[in-house]
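Undergrad: For reference, the structure I am asking about is given below.
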Ligand code: SF4
């Protein structure tokens, strides 16, 4: 069944000391540089884009929370587990620039490791702690210069037949219109580039997507990833 994302795009918001939070949960990180590691996810509400094929629910709940409120909820969902990784996701986290201060609070005051996931279209605040790992998964044709300068890794979801032969990266992502194609890592990018097959809920299509990922990863030296949380049956 084809997914159509009907969640409205939202503008950048600045609110000192407060974040608009969708949900906080304890799980296994299923992709990116911390793949396989237990993590607490903080999903922030709202996104500035509206990718038609996006299946992430980021608007159904929202609660204004202070840094301390969020930290207390992280502690509560972690319970007695030893998890020390927090993944900030969305929606689009940098739609709320206050997220940088919250990340710095988690790293500097509470001793967590933090990864943030972004679509790359919003500026990354200068004050963001350099120990925060930034993963960009482009959906639009351009990414903000601050993201090009700061991203540690890029992540692309691949659909067979939707690939630029020259660099082996997808032309579009989740049916978002990007002309001529979605943003690339900067020239001479030294970080990691992940390719993962798109899940189309169709065995034949998924097999073709997996074959495309293997082909272009081998040709261009990208890293193949599967969204292992889906295989593990966790959120
Ligand atoms: S940028 Fe990400 S969260 Fe936002 S609509 Fe696109 S896929 Fe969904």
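Each position is counted from 1, following the chain as shown.
Even glycines carry a Cβ here, placed using N, Cα and C.
Heads up, TrEMBL stuff is auto-annotated, nobody curated it.
Just lifted these from TrEMBL, have a look:
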type: BINDING; residues: 28, 29, 30, 43, 89; note: substrate binding site
type: BINDING; residues: 47, 51, 54; note: [4Fe-4S] cluster binding site
type: BINDING; residues: 56; note: Mg(2+) binding site
type: BINDING; residues: 91, 137, 138, 139, 196, 197, 198, 199; note: S-adenosyl-L-methionine binding site
type: DOMAIN; residues: 34-227; note: domain 'Radical SAM core'
Undergrad: Can you check how the pLDDT averages out over the domain 'Radical SAM core' (34-227)?
TA: 96
Undergrad: Which binding-site residues (28, 29, 30, 43, 47, 56) fall within 10 Å of residue 91 (S-adenosyl-L-methionine binding site) by Cα distance?
TA: 43, 47, 56
Undergrad: Cβ within 8 angstroms of the Cβ centroid of 28, 29, 30, 43, 89: which residues besides those meet this for the substrate site?
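TA: Residues close to the substrate site, other than 28, 29, 30, 43, 89: 27, 31, 39, 41, 87, 229, 235.
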Undergrad: Where the distance is taken from Cα to Cα, which of the binding-site residues 28, 29, 54, 56 turns out closest to residue 198 (S-adenosyl-L-methionine binding site)?
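TA: Answer for the nearest of the binding-site residues: 54.
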Undergrad: Select the closest residue to residue 29 (substrate binding site) from the following binding-site residues, measuring between CA atoms: 54, 137, 138.
TA: 137
Undergrad: How many other Cβ atoms are found within 10 Å of the Cβ atom of the residue listed as 'Mg(2+) binding site', counting all protein chains shown?
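TA: A count of 15.
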Undergrad: On a C-alpha basis, identify the one among 43, 47, 54, 56, 89 that is nearest to residue 197 (S-adenosyl-L-methionine binding site); the candidates are the binding-site residues.
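TA: So, of the listed binding-site residues, the one sitting closest to residue 197 (S-adenosyl-L-methionine binding site) is 54.
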Undergrad: What count of other C-beta atoms do you get within 10 angstroms of the C-beta of residue 198 (S-adenosyl-L-methionine binding site), across all chains shown?
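TA: Counting Cβ neighbours of residue 198 (S-adenosyl-L-methionine binding site) within 10 Å gives 23.
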Undergrad: Which residues of the same chain, at least 6 positions away in sequence, have a Cβ lying under 8 Å from the Cβ of residue 51 ([4Fe-4S] cluster binding site)?
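TA: Non-local contacts for residue 51 ([4Fe-4S] cluster binding site): 5, 139, 173, 174, 175, 176.
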